[in-house]
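To keep things clear, I will list the structure first and then write my remarks on it.
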Number of protein chains: 2
Amino acid sequence: MIKNDLFLRALKGETVERPPVWMMRQAGRYLPDFMKLKEKYDFFTRCRTPELAAEITTMPIEQVGTDAAILFSDILVVPQAMNVEIEMKPGVGPFLPNPVRSPLDVNDIIVPDVYEELGYVYDAIKLTKERLNDEVPLIGFAGSPWTILCYLVQGQGSKNFDKAKEFCFKRPDAAQVLLQKITDTTIAYLKGKVKAGVDAIQIFDSWGGLLSPTDYQTYSWKYIQQIIDALKDEIPVIAYGKGCWFALKEMSQSGAAALGVDWTCSAINARYLSGGQITLQGNFDPSRLYSTPQEIKKMTTQMIDEFGKDRYIANLGHGILPDIPVRNAQAFVDAVKEYKPR
Amino acid sequence: MIKNDLFLRALKGETVERPPVWMMRQAGRYLPDFMKLKEKYDFFTRCRTPELAAEITTMPIEQVGTDAAILFSDILVVPQAMNVEIEMKPGVGPFLPNPVRSPLDVNDIIVPDVYEELGYVYDAIKLTKERLNDEVPLIGFAGSPWTILCYLVQGQGSKNFDKAKEFCFKRPDAAQVLLQKITDTTIAYLKGKVKAGVDAIQIFDSWGGLLSPTDYQTYSWKYIQQIIDALKDEIPVIAYGKGCWFALKEMSQSGAAALGVDWTCSAINARYLSGGQITLQGNFDPSRLYSTPQEIKKMTTQMIDEFGKDRYIANLGHGILPDIPVRNAQAFVDAVKEYKPR
């Protein structure tokens, strides 16, 4: 039994005293203790060393007091396991020396034995669960197949992932083969996470909002739905799609336990578009954490007023930015914890 | 009298035989003749030399047959005139050696005499009008004050313009002073364009979609509304906000003649959100021009079916990409011209 089960109760749609709160990328660079480990170990070493991953994962629980932990890892460990070389370049982000650019490249992508290739993730989950000692739930995650494809084809981060979209529109058949390989791997990977002990799963579709509603169905949602179908009877799944306001209705009927929304979709729009019943998660603009702690508290309270305290998980609308002062993140978390319904 | 007045009639909401068509960035790198001039003259030389600007502006009219011309220029000529040094770095885009980062920097920004600083734009308009010989209308444009601020503060293009947003949330008063200076300059600049002979104005809010609906009102829309108010009795104004679906209702009540939408907002959503009466412009995903000409024609026809032929201007949802084959752009334009209402 998890002692602080606010997050899990919100996922079930139960009435709660106040909304639970966590922050995307909460185990990240805004924490001084994270920066100390960052200086000593490179990115993928931190991901691959269960002791480090567990230590980083629990930092925000101990230091800012969020109501859920999310495993320190990266969406790109999945394509790494699929035979793709991926580096994390300081100041640049993900970089692929050999991006996928042709149907032949797609042939080289394998669907791996996840227990063999990603065992370190499962070890990290088990160790983290021990360290958390049932205080708060642990979230596991994966990128959406479309978002993974974006990196595989583009070869690095991008404003519009034009090369990824070019590949899909020029080579739709190869794109579908690639997306299915990623989907199959992701399902196996996440089933392993469930076995290892996570309490919920979040799927990050960070780049779904680059697609038109029609193309979103074809290149992104179809595959996310497969993942949800494969997991929903075992564990609550949160589907987060940045910029995917246009798909909220379909997403709400998918079997997902909750939907993540970004700050461009107001609470009233999100409730309306998702049909009003499903639990929503979001949507504080991460840049808004540059405001004063006092302003942050005021805006956070207003956000909860707008979403309502039930069927709601307070979060940012995307990952926390690296140079946010800890006291500002703390103001956000505290405002949720101090929330009194009007 | 302009011979092909389809575009102007669509802006007035009149019944037309078929929708007019033009493409954002239609005078751009996908045209081989543009590339020849690009090799000889740097970016701002092309903007500042009326003969070159006029030649480039008329290229897509002669070569792909769009129903409107848009002056070859850049949104950043406005801040250049405001005492800001801006370079266009090949392969990088705009670059500011001294970005605006403090209230003191804002003090250094001037509201210039636009006729003195931007006379070359007006000369280009006059020359272009001569060359166009009243065949099609000429569109003048400006960036929205928020979008200009994004570049001034960030110092270059960006995925999320985090430094620009940081500036606004840390220094809201200085941000408002800067936005008002940009607004005042833009109004004077566009009034000069009207005098010089443009037939319509488009305001590009390329980065409005990075803001929450509330912050959009505060940092972007408030200033666009000032610009529309100052111009709407003289000339039709098109307000284009990338990612600004959430503001379409307010935008539809602003006095703008038309609203530009991107491809993430379907025709049915755009009509619903904008109240159903105002002329809409858009919204083909520019990456979709990587498809085959046959596919492009099919999807373009479907787009018009969805928007309807009246109160509609066929366009892309953002600028055309540099490496699109001319025949693909041609397929898009032809599909609109061949459109037969069902």
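Every residue gets a Cβ built from N, Cα and C, even glycine.
Annotated features, as they stand in TrEMBL:
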- A:20-29: domain 'Uroporphyrinogen decarboxylase (URO-D)' (DOMAIN)
- A:ARG25, A:GLN26, A:ALA27, A:GLY28, A:ARG29, A:PHE44, A:ASP74, A:TYR151, A:SER206, A:HIS318: substrate binding site (BINDING)
- A:ASP74: site 'Transition state stabilizer' (SITE)
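Distribution of TrEMBL features across the structure.
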{"residue": "A:ARG25", "record": "substrate binding site", "DSSP (3 states)": "coil"}
{"residue": "A:ASP74", "record": "substrate binding site", "DSSP (3 states)": "coil"}
{"residue": "A:SER206", "record": "substrate binding site", "DSSP (3 states)": "coil"}
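Cβ atoms under 8 Å from those of the domain 'Uroporphyrinogen decarboxylase (URO-D)' (A:20-29) belong to residues 6-7, 9-10, 35, 38, 56-57, 59-60, 64, 66-70, 72, 139, 240, 313-316, 318-320, 322-323, 329, 332-333, 336-337 of the same chain, restricted to positions at least 6 beyond its ends. A:ASP74 (substrate binding site) is surrounded by 16 other CB atoms, counting those within 10 A of its CB over all protein chains shown. There are 17 other Cβ atoms within 10 Å of the Cβ belonging to A:ARG25 (substrate binding site). Residue annotation for substrate gives A:ARG25, A:GLN26, A:ALA27, A:GLY28, A:ARG29, A:PHE44, A:ASP74, A:TYR151, A:SER206, A:HIS318. The furthest Cα pair among them is separated by 22 Å. Counting every protein chain shown, the Cβ of A:ARG29 (substrate binding site) has 15 other Cβ atoms within 10 Å.
Neighbours of A:SER206 (substrate binding site), defined as other CB atoms within 10 A of its CB across all chains, total 23.
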